[in-house]
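Marked as L-aspartate binding site by TrEMBL: A:183, A:229, A:456, A:504. Residues or ranges marked as ATP binding site by TrEMBL: A:229, A:230, A:231, A:238, A:497, A:549, A:550, A:551, A:552. Feature annotation from TrEMBL assigns domain 'Aminoacyl-transfer RNA synthetases class-II family profile' to A:159-570. Sequence annotations record features per position, and here TrEMBL assigns region 'Aspartate' to A:207-210.
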């Protein structure tokens, strides 16, 4: 019965591949009935396939008995049609459709499958909540938005692979079933049945394996690979995410950056036709923190943080002077044209910054006709106010917001305020801005545990010129470990960190010193990553690498709201798949085989 | 200190990229000291990088004080050298080396890292056991064998992606954290911390998701993806393996096969320069079983199984006649030139077939000067012996082996015997043979559980012409379910099944009948894959697909002994990684968070 149509599948063409040269030809299309209009004796169906939509015209006079099939068609029925492509009459051309000047005069038709009525509309904006769209992900996928994002994702990842293949990188698969190391985030565990009482861990990243590959002489490695973190899914996180992981041997920081820039330039042009300039701007970490209050600044607009501690430290305004004398800072941002921000808005901003960033208050001054004005301006000498206005470059109609606290709190709160006010008062001047943040400190003091910890990871190399400081520290001299810089770099796109990496340590003396500095003794180092330490002693080449979060990159490039928008089957914040209902309870037998018991509290 | 060399990295060229045009040029190489010869005042080092080896010549007269560095070089030290490329003297040209007519006259050298002495030799065949090579995988990787396999693997996978991208397939990632379904092999489980008492399962294949993608309108999907099975690792299996997974909408069996053939043709030519003929031969399942005793026959040589049941059923030889009268079969294979197989060898073969295939005995006859000869020939009429010889096509000097038992045992044992004797008596005539096995039965009766089960999986479509049998069965008529064929196909390469697939059911009536036939009731079907059944009711297009085991394909194409040979970091048969020592015990705190307890027996 369906034989004619099975034979036609191989001749099938995509809706949006029609063109003038095909007019008059017999063509076969298959897809979904997107919209249909019954005009009595003539039924118009918009047939939708992956490429788009084409109007097919079913005339009773032409189809005879077959026309009864057409009358059964409803939304989302699957149909196959064979007919002759024609130009539409000039008055029925639809300029909004890519194929709006064509129609197919149907000669043969088959309903390939029926469909229940979808729970939400597929053909236009539908305010349906995300939960329903996640449950019926296959229907959401038929909508333009998600479909286009998944197609772009394929294209971007393929373009990256193409570029890296041409540049002699090898894609090498590393294991998903690994050993658990208590460093970093929480591991997902996988009980081993063959090794009872033992567990595999899903990788948080292939870090150790990619270094091993360099020691193994693979020289240039990449992998587009799933990574896993069992985190509390606050923010926009997924338990599994996709990483572009790379490692190079015989390489400098500079070499890695140039290669990465060329890769993104190629991929963005190829997939989105977006031209970006290279080399990317490079900003030292301390400048990013000082001027933007963030290690991943969005530099597509101004409102930089300006340090006015020196100007205000002797003022009568105790909030400012006190902050400076107790070791803190006073910084200010200038919001262009922000003088009309209302007192109510300022109150809302103040309580938000207090709640989320522990900022005790939000002092402000308007730049009026005669300079800075505020309830607090009388506490400052006129020349100080002038100097502040000058330092921050304000002009009449601007608003100045101040932060006065520890530099950590001031940076975080003013940095956040800057981002929040950008859209309205100082919108980004370019669509995409990639830039590097470099010269990260190697170590960070953790006030809570009163220990030094690493900012990137313990295999990151300190800058050569700072190795001597480590040796001095080892020899018992007083050394400020925070002054040791790492050969680490992050890539920031529009204020989001999309990737980071470093030159690794390939020298066992320095590796031991670094581990010692962060309080990992030999025995525990051996237990955690002994195989890497041993491998380093068998001729490890100088090497370094980087890793990118593909989901985040895709979200930014396709203007999604969440990484869920660029993942075919995402999980909710509780780690559930609403479509397949994972996770679930398992049979007792499965746990018995693993010698595991679920313990109720 | 190392600054000159960091600057040189970007100019580095690969050892085997040298050619005549580079002679006289200043070049920079970096790599490992593979071999070295100290001739007093001149040290020759074979520098090895990913591409191969080049000889670098370090002269004391040229290097001055730097020469002391050269004297420190030992095997596997990492070095960077800068110098001028020269032709070797004609008497020192090494025709065995790709770069054998060149040498680099070193002007600058740096030791980038030292190395301990490797536990096994890297430069030639080393009989080191696999365990040591797995523990020091990074050293094994520096050896030609493993390195070349990993490079070919990258190339093959990239070529496949390239082909499929060009053919409009989209690579779409499906989740690794899934719901456990008790069908098929044992799942690896991942406890969910956010949903206590519940578990994710690692995917055995993305089967349900790829069908969902078709229902979602993605039309042509592929993915190269890790899959997982918690099996007892007898044979050559890995707990995680790599699959090329594909699915097509609006497709016939034939269309899929043509596309797959073109894909392998492209990839094998591109990566290995191997030309294969398409279309591949197609063999019905019942022919494969009848003539080769296997559903994955190696058809590169003869020795087919010939059914002689009719000829021997009335003979005096009770072993044969009895087998036939009790519903079994008698089959024979002819081993060309096998007449010299000794009695001892036959005894060994007999006990092997008895042990592994439950064959009760192995009758044999030689084809001598006057026809078939054996201790049992007197039990047969001369014309029967002649007919047997004729049926099997034997000639003087050949050996005939017989199997007489249930067809299951005869097929398995003679099929295995055929493979075993091939190398010596009837070696394969082509390097690579791809062929399809088609027309699989839909259902198989399981004697143990006395139930019908599926041969492929429950979403495979029965052939349209057999749908009526299913409806009859449902209506209570007597129907032999084993006579229903599936639209399923396997691809066999050199006697190994490398992939299999089917046209899926897209019709909910047939899906229900199939599930019912294999004893899955509605409630349990809903629990196991309810979301797929629901999705099928929302306009599922006709679709089908296939999946390939990439590790197996690579093993065959690179002539490996085990799939471990083509995996960068494989696990042992106990599921352990000897390098990273996964799996391992975890901290009590990790289990507490998961509300799990390991139960000792």
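Glycine too: its Cβ is placed from the backbone N, Cα and C atoms.
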Take the C-alpha atoms of residue A:231 (ATP binding site) and residue A:504 (L-aspartate binding site) and report the distance between them in angstrom, rounded.
26
Other C-beta atoms within 10 angstroms of the C-beta of residue A:229 (L-aspartate binding site) total 19
For the region 'Aspartate' (A:207-210), what does DSSP give as the number of helix, strand and coil residues?
4 helix, 0 strand, 0 coil
Hey, of the binding-site residues listed (A:231, A:456, A:497), which one tops the CB count within 10 A?
A:456
So what's the mean pLDDT when you look at the region 'Aspartate' (A:207-210)?
95
Out of A:504, A:552, which of the binding-site residues is least crowded by other Cβ atoms within 10 Å?
A:552
Residue A:229 (L-aspartate binding site) and residue A:550 (ATP binding site), Cα-Cα, nearest whole angstrom:
15
With every protein chain in view, how many other Cβ atoms are within 10 Å of the Cβ of residue A:550 (ATP binding site)?
24
State the Cα to Cα distance, in Å, between residue A:552 (ATP binding site) and residue A:504 (L-aspartate binding site), rounded to an integer.
25
Secondary structure of residue A:552 (ATP binding site) (DSSP, helix/strand/coil):
helix
For residue A:497 (ATP binding site), the spatially nearest of the binding-site residues A:229, A:456, A:504, using Cα atoms, is A:456
Helix, strand or coil at residue A:497 (ATP binding site), per DSSP?
strand
Record-listed ATP binders A:229, A:230, A:231, A:238, A:497, A:549, A:550, A:551, A:552 have a maximum CA to CA distance, in Å, of 20
